[in-house]
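**Student:** Starting off with a structure, shown below.
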Amino acid sequence: MSFVAHPNIDPRSLGKVGVLLGGRSAEREISLMSGNGVLAALQSRGVDAHGFDPGLQGVAELAAAGFDRVFIALHGRYGEDGTIQGLLEQLGVPYTGSGVLASALAMDKQATKRLWMTHGLATPRFAMLHADTDFDAVVADLGLPLIVKPAREGSSIGLTKVTAADQMRAAFDKAAALDNDVIAETFVDGAELTCPVVGEGDTAEALPVIRIVAPEANYDYQNKYFTDDTQYLCPSGLDAEVERQVQALAVQAYRVLGCRGWARADVMLRADGTPFLLEMNTSPGMTGHSLVPMAARAVGISYEDFVLQVLAAATLDLHPNEHWKPE
């Protein structure tokens, strides 16, 4: 395991650190929770860490802050879609998590699924929806139930489980209010799983799988963050070989997208034992209900030590010497 229980990291070597939190996406509330947790964890380890909210503070302020590296605790648009990553590349400030391209790909569910399919990785069949789409034809092709959701949102925001064809229009309208691109995918009936991955390229490896048991099998925004009724099982209770298969699939999905640092793959395990990839989260939640810290704890890594190691791995797509400097 590249991440360890007691990392030998000198907090002074990390310099002045910015924790980006809040932002302007529909997931702002969750990002504030994640970011404040990360900020407190880093400060408890002696890191010179400071919160920075791009939803309230501008680019000039970020450039003037003098951060030596940044922990991205933003979720959703402008935070994990390549936007802030591109800005930090321009500023030459190393940041946590995936680079510009991998972040943009993973945020776009259509692009992610097409890439996974090209590499032979199992993911539910899907169709893109538009206002003039023949919804009956989509239902006839994909079957019911369907999951209809914005193509570029997270935390189950704007998501609807459609069980009858006459529900399609309302489901589309709900998702389209958040994104111009709406996706419908076949519903996979089975166990809901998630698997964090850390590292990069050939060194990427999976943390333990978590099985999610939500009230009435409805793991929505409310049940993800604001209820204690959802059960998170880690160890997952899966057969050891099935767990290894899910972990291997998560690592493959991570590598295909070009992710680095850390991410979390969401997976459905069909009753016949076949795992299906749903999406990849390149800036996972770090709240009290979040799953990555839970998986880390299962292998003896505390929240604080995990955060410290994510930060220590901050980097850039380009080597600092490759960044343009005015003559």
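Here the Cβ of each residue, glycine as well, is placed from N, Cα and C on the backbone.
Pasting the relevant annotations from Swiss-Prot:
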type: DOMAIN; residues: 113-312; note: domain 'ATP-grasp'
type: BINDING; residues: 139-194; note: ATP binding site
type: BINDING; residues: Asp266, Glu279; note: Mg(2+) 1 binding site
type: BINDING; residues: Glu279, Asn281; note: Mg(2+) 2 binding site
**Student:** Sequence order is fine: just name those binding-site residues in Leu146, Glu153, Lys174, Asp181, Val188, Asn281 with a Cα within 10 angstroms of Asp266 (Mg(2+) 1 binding site).
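**Tutor:** Near Asp266 (Mg(2+) 1 binding site) by Cα: Asn281.
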**Student:** Rank aside, I only need the closest one: which of the binding-site residues Leu146, Glu153, Lys174 has its C-alpha nearest to that of Glu279 (Mg(2+) 1 binding site)?
**Tutor:** Glu153
**Student:** Through the lens of DSSP with three states only, how would you label Leu146 (ATP binding site)?
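**Tutor:** Where Leu146 (ATP binding site) sits, the three-state DSSP reduction gives strand.
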**Student:** Select one residue from Glu153, Asp181: among these binding-site residues, choose the one with the most other Cβ atoms within 10 Å of its Cβ.
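**Tutor:** Per the Cβ count, the most surrounded site is Glu153.
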**Student:** Fill in the CA-CA distance, Val188 (ATP binding site) to Asn281 (Mg(2+) 2 binding site), as an integer in Å.
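**Tutor:** Asn281 (Mg(2+) 2 binding site) has its Cα 19 Å from the Cα of Val188 (ATP binding site).
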**Student:** What count of other C-beta atoms do you get within 10 angstroms of the C-beta of Val139 (ATP binding site), across all chains shown?
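**Tutor:** Its Cβ has 20 other Cβ atoms within 10 Å.
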**Student:** For Glu153 (ATP binding site) and Asn281 (Mg(2+) 2 binding site), what Cα-Cα distance in Å is obtained after rounding to a whole number?
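**Tutor:** Here the two Cα atoms are 10 Å apart.
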**Student:** How many whole Å apart are the CA atoms of Thr160 (ATP binding site) and Asn281 (Mg(2+) 2 binding site)?
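**Tutor:** Cα to Cα, Thr160 (ATP binding site) and Asn281 (Mg(2+) 2 binding site) are separated by 19 Å.
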**Student:** Which of the three DSSP states, helix, strand or coil, fits Thr160 (ATP binding site)?
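**Tutor:** SS state of Thr160 (ATP binding site) = strand.
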**Student:** Around Lys174 (ATP binding site), which residues of its chain at least 6 apart sit with Cβ under 8 Å of its Cβ?
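**Tutor:** Listed in sequence order, they are Val148, Gly158, Thr160.
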**Student:** Rounded to a whole number, how many Å is the Cα of Leu146 (ATP binding site) away from the Cα of Asn281 (Mg(2+) 2 binding site)?
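**Tutor:** About 21 Å separates the two Cα atoms.
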**Student:** What Cα-Cα separation, expressed in whole Å, is found between Gln167 (ATP binding site) and Asn281 (Mg(2+) 2 binding site)?
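**Tutor:** That comes out at 28 Å between the alpha carbons.
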**Student:** Could you give the mean pLDDT over the domain 'ATP-grasp' (113-312), rounded to a whole number?
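**Tutor:** When the pLDDT values over the domain 'ATP-grasp' (113-312) are averaged, the result is 93.
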**Student:** Under a three-state reduction of DSSP output, how is Lys174 (ATP binding site) classified: helix, strand, or coil?
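**Tutor:** The residue in question, Lys174 (ATP binding site), is helix (DSSP, three-state).
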